[in-house]
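Features reported for this protein in TrEMBL:
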TRANSMEM  33-53  transmembrane segment
TRANSMEM  65-86  transmembrane segment
TRANSMEM  106-125  transmembrane segment
TRANSMEM  132-154  transmembrane segment
TRANSMEM  210-228  transmembrane segment
TRANSMEM  248-275  transmembrane segment
TRANSMEM  295-321  transmembrane segment
TRANSMEM  341-359  transmembrane segment
TRANSMEM  365-387  transmembrane segment
TRANSMEM  399-416  transmembrane segment
């Protein structure tokens, strides 16, 4: 919060050649490279990665980690094709491109509205844990409203440093407590969470994931966020030159891979740490999203990354609301009043996302909520940019038709998945009562037992005869529809198509 106050005061005292509006939204296009790189990283490495991804790996294996390597490729694609276009145009709202390319104000506003809805939900998901939602929402809203994009960038930089140190400490101490590196690897391999989870080559999209789904789905998923997203492009276009923007992207790739490996490592360590005493099964916690917090004993790393995402989202949403909905009407307003109006908008966004965060408990946890909604929301919107940039013959009629069809299909897929929950029973086997010093006494009478986890605990490796012919839950519940069983990791690809 002090960072926001500092930049608010500095902006008042400093004589600048640009407007207060530009200062608040783009930092005068003079932001430094390293802080922007770290801010870009922490914006999308949120509670989804730090809470949801380790829990996902604990349940279903390391296969999802492949998607982080696809993310590096998405930076190359974005740097080659998308960032040069938008940097040259210098739009504060990237959705102004839709109006110019397709000659349609309506299409621009539809695109902006889709971004606002998807980003508001994204911010809510990363504030999902009710124990931190109110505090995170309040703090991030205040410092973003006061200091604008510069407060966001420099606060993110501090958060990134704490996040790396916190995760590194957790990995080292967690590995030691779980019995050492090779013990962790042994347990993960024995329970099917290493090579077995990666060795899935079926190209069908009607399964939870596979090597192909995770790789190509990961490239397109991260392109939605690091390539054609207001929060990312606003940072690229705030750099002094296109060369600086590309340097930021180049530096973000190794940092992105490192943080991805660290998040995956926490998931693998949890397998060894909780070997023989699944904490949901024993009633120690209520859901899988609490496992990282349980193992860490504190939530510092989750809090700082969540602050980054919510502050970045608030600033980017303010930019879009002003540029695409309010600028034409209020452009005659003096600069100080414009700046105050934007701060009010930022506060309203922060309050709305904080309230929405408490409603995310009904979507099956952080990771499922994110994968079944964010890709579905971003895919059709990014498809408009793909069509406009790569097809010279595309027009607004084709753009409207494509957006309508892909949006309708995404709604069907996402709603079907969340209602029917075809993969709710897909959990790899766990071990009960292993000789693990980190285990607590198993309490079979706990009222918090999860049916799925207790079933896995009781039937590891040597299942009862009546379970030998049970369905392969990796392909979903056979009684659900194909719409529901379509892998959520291909939503972004289908939406673009």
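Glycine too: its Cβ is placed from the backbone N, Cα and C atoms.
Where the annotation comes from TrEMBL, it is an automatic prediction and has not been curated.
Within the chain, the transmembrane segment (65-86) has long-range Cβ neighbours (under 8 A, six or more residues past its boundaries) at 57, 94, 97, 198, 211, 214-223, 226-228, 232-233, 236-237, 242, 245-246, 249-250, 252-253, 256-257, 260-261, 264, 385, 389-390, 489.
Touching of the transmembrane segment (106-125) and the transmembrane segment (365-387) is concluded from the presence of at least three CB pairs under 8 A, sequence neighbours closer than 6 excluded. If one looks beyond the transmembrane segment (210-228) by at least 6 residues along the same chain, the residues whose Cβ comes under 8 Å of a Cβ in the stretch are 40, 44, 63-64, 66-71, 73-75, 77-78, 82-83, 94, 198-204, 249, 252, 374-375, 378-379, 381-382, 385, 487, 489-490, 492-493, 496. Listed by sequence, the residues of this chain that lie at least six past the ends of the transmembrane segment (248-275) yet keep a Cβ under 8 A from its Cβ atoms are 33-34, 36-38, 40-41, 45, 49-50, 53-58, 62, 64-65, 68-69, 71-72, 75, 78-79, 83, 163-164, 167-168, 170-171, 174-175, 177-179, 183-185, 187-188, 191, 193-194, 226, 235-236, 239, 291-292, 295, 431, 434, 436, 438-439.
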